[in-house]
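Notes follow the structure.
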Amino acid sequence: VKQAKRRTKKSTGKVEKDVSAMEVVDTPEEAREDEEWQEVVPRKKTQERSQLARRERPSALILKPNGSATYADIVSKVKKDTALAQVGEAVKEVRKTKDGNVLLILKKNAADKVAEYSSAISDALADEAAVTSGKAQQVLLEITKLDSTVSKEEIFEALQTSLGEGNKIQPEVVISIRMAFGGTSKVLLKVPWRIGKVLLGKQTIRVGWSNGRVREALKPLMCFKCWDYGHIGSKCTSEMDRSKLCMKCCKEGHKAADCSAQHPHCILCQANGKKETQHMQGTKNCPVFLKAQRALAQKGR
């Protein structure tokens, strides 16, 4: 489209376009056909936590040899026992732990038969080994935007109603209720991985008169030795040992429960050159903790 010359009216001082002088240039059909159309993809919402950041840990059985029985003896016996053929088909991997025990890592579809397989192996080994199941994987979830009057009993009932009869939980899954912004409450839950996946899939849950938002409460690994994030004490490579320091004031000689310091001190922020250190490490006021939390969220995407 070619623009026409503008002319100014002396009486009003307004600028008008001379429509009669405008020339419309049409686009040929051939050119239109050659144009490529692109699909507009909406941006992903930031800080979306509708999926678990960590992957599901497989179920496992631990066989602890008794007396003179060795790792090789136990593995050989369970492999040769024909009564354990079904158990063998459900085993994904066999490992030796650092304590010399036998670790049987099960396939995903065997998660519901851990107790059955544990009983079968116990009967086959008799007194030669003690059989225990690996600790069930737990996840932390938080429900936000609930009214400040909700109780643990009310939350538990709402959770069980939302999950249905096929996903039974215990009242102990509701760990705490804390006050949040705007007179609302934030609830912290600790549930089995499978239950957590179901709740996150729902994204919201009705508690009383409020629609609470469900998301994962990301908690990075914290080393008890150096206090840094992303690893545990047994795998720490740092020369720094802060295991004897008070978690509040970061000084030796006492524990946080007996600390008389007026204000907390974050030694991690101090070590990272942060100006503001008057806060507890591992809280929402700690930049180092928040950075580790964001890294954990990105790792799971």
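Using the three backbone atoms N, Cα and C, a Cβ is placed for every residue, glycine included.
Please treat TrEMBL annotations as automatic predictions, because they have not gone through curation.
Marked as compositional bias 'Basic residues' by TrEMBL: 1-12. What TrEMBL lists as compositional bias 'Acidic residues' is 26-38. What TrEMBL records for 41-58 is compositional bias 'Basic and acidic residues'. Among the features that TrEMBL reports, domain 'CCHC-type' is placed at 246-259. As annotated by TrEMBL, region 'Disordered' applies to 1-58.
Per-residue confidence over the domain 'CCHC-type' (246-259) averages 92 (mean pLDDT, predicted model).
Broken down with DSSP, the domain 'CCHC-type' (246-259) shows 3 helix, 1 strand, 10 coil.
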